[in-house]
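Would you mind keeping the following structure in view while I ask a few things?
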Amino acid sequence: MESVNAEKPTEQTDNSNANNDEPKQVEESVVEAVETEKQNAGNEFEYLERNEFTSEIYKIEVKNLGYFGIGEFKKLLKKTLKFDITKIKSPTRKEFAFVCFRTAEDQQRAVETLDGYKWKGKVLKAMLAKASADPLQKRRADEETGDVQPKRQRTAGEATCPLSDMPYEKQLEQKKDEMAAVLKKYTKELRHLNTAAIPHLDKFEFKGVLPSPTIEGYRNKNEFTVGKNAEGEIVVGFRLGSYCHGSVEVAAVQELPHLPAQAKWAALTFQQLVRQSKFQPFNPVGNLGHFRQLMVRCSSNTGEVMIVAGIYSSNLSEAEQLELQQEIKSFYEREEQQSGEFKCSSLYYQDVKHREAGQQVNPVTHLLGNTHITDSIQGLQFRISPLAFFQVNTAAANVLYQQAIDMVAPTEETTMLDICCGTGTIGLAFAKHCKHVLGVDIVADAIKDAQFNAEANNIKNCKFIAGNADDFIKSMVHEAVYAQEPGKQLDLVAVVDPPRAGLHNRSITAIRSASGLQRLVYVACNAHSAKRNFIELSRPESKHYKGEPFYPKCAVAVDMFPHTTHTELVILFEREASPK
């Protein structure tokens, strides 16, 4: 394998597709970037001097908080005191927290307001705080002084699919034990918190873990990092460790069992593009370079491949961005003419940098081919846009959705609320069994896909809304209630499939307060994180949690992620029937 190092800018320019008349400024900028990196090595606070925003500059420390929750403290700052905060950090939750702001004015106003402020029976103390050290630079400095010992670097397999050396039956046994332990911990806590739940918990059933129909090459979406391996070669693959633990090394992915051949091809071709380009791979040490990441989406149904090139553009002019877009496009146009097994069906450029206030996603620009790819679940065709959520294991998603349908057992009188609906996959799978489906998702492009998918599959009883689920749950419930025919019993069920962190507390309170909602299916991609939501759904009614609690009835896990430690857990919750 040819090594192309940033320390050899002349070689890199000679190997590129660039014109021989390329200005020498390109080489000079590369050399300058490398020299800057060398000069800054070991400087734990160099990042504060970069020409880009970091809220660490505008940080304060708040003391004497007593026992507190991050959520309630955030509510105090944002809603009560109207501060524009960027983040809250409480390393130990022991009576203090750090708060970061966007401007010096906000920082100073916060100190003046919070110092001496009375909250929850405590008098707070607030003061300016120092910025945190760059964790990677600090780790390296500590290793040099012997304060910490260097860790053995993991392999790509250990980092991404640590169970791959274990027989699949053993993987399922391990995951079953883990899910059983999570549920045991949840039900034990609930027994103490809500004694009314005990009769329901005595009947609660965990049905084990269902296997994935496909265990090799199953991932239809992969996000690769552009960087360098231990030998200094440019690689498009997976990071072997985290920045805060002192690692920026990237390893190749060709031997990983859970990636399909199309994704491996895409990583290799993009790696070839980066190695021959005058533009540099991104380096988080100093935020240097340009090629940052690569997202690849594959269709198990059609074989289509979508490539999204993630570019760090903070150090690029508008003209350079356009030049780089054209370079990426031209490269894959040439690839199209090759006689290889795979082709790029859809090509996008993504501007990946620090998001501005209120920005939900990094924007994408279509460069080549189709704007979408298509895949199939439950016999339905789904159009998938670059940023929309779609289950990463298509074959296992069929199993997952069928389990949700079987749990609910919908009838022609059932209205289903699809909360965090993405491209509408769960809702559309339910549609043929229901009277009506209402879906909501915060990603507008995903809703466009959901609407298109409903029309493409000739499904007429679905409505999808773009917006924050927290704001729409109540209105969706009201719409279902008002649409119910007089004299007929309303059967309203919600299915939630939230991100890994779970549902926001506002969504839980909205679900709890929706009196017409009697059943809920919770699809958790991280049962450990979701346990908080399970408790919130089941705890006794209170001033904050209005509405009767939901009790768990049954649960089943589906192995959506073979060779990894992750498992999808599906739980059916029901409210206690009101006495007639």
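Here the Cβ of each residue, glycine as well, is placed from N, Cα and C on the backbone.
Sharing the record's features from TrEMBL:
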REGION    1-30  region 'Disordered'
DOMAIN    58-131  domain 'RRM'
REGION    135-162  region 'Disordered'
BINDING   GLN391, ASP441, ASP497  S-adenosyl-L-methionine binding site
ACT_SITE  CYS525  active site, nucleophile
ACT_SITE  CYS525  active site
Treating G and I as helix alongside H, and B as strand alongside E, what does DSSP give for the domain 'RRM' (58-131) in helix, strand and coil?
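So the counts come to 23 helix, 24 strand, 27 coil.
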Which whole-number value in Å describes the distance between the Cα atoms of CYS525 (active site, nucleophile) and ASP441 (S-adenosyl-L-methionine binding site)?
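Here the two Cα atoms lie 17 Å apart.
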How far apart, in angstrom, are the most distant Cα atoms among the S-adenosyl-L-methionine-binding residues GLN391, ASP441, ASP497?
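Binding-site diameter by Cα atoms for S-adenosyl-L-methionine: 15 Å.
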So what sits near ASP497 (S-adenosyl-L-methionine binding site) in its own chain, CB-to-CB under 8 Å and at least six residues off in sequence?
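Sequence-distant Cβ neighbours: ILE419, CYS420, CYS421, GLY422, ILE426, VAL523, CYS525.
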Using Cβ-Cβ distances, find the residues under 8 Å from ASP441 (S-adenosyl-L-methionine binding site) that belong to the same chain and are at least 6 apart in sequence, listing them in sequence order.
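In sequence order, PHE389, CYS420, CYS421, GLY422, ILE447, ALA450, PHE464, ALA466, ALA469 meet the Cβ cut-off.
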Would you pick out, from the recorded positions GLN391, CYS525, the residue whose Cβ has the largest number of other Cβ atoms within 10 Å?
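The largest 10 Å Cβ neighbour count belongs to GLN391.
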List the residues in the vicinity of the S-adenosyl-L-methionine site, defined as same-chain residues other than GLN391, ASP441, ASP497 with C-beta within 8 angstroms of the site's C-beta centre.
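Neighbours within 8 Å of the Cβ centroid, excluding GLN391, ASP441, ASP497: PHE389, PHE390, CYS420, CYS421, GLY422, THR423, THR425, ILE426, VAL523.
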If you average pLDDT over the domain 'RRM' (58-131), what do you get?
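It averages 89.
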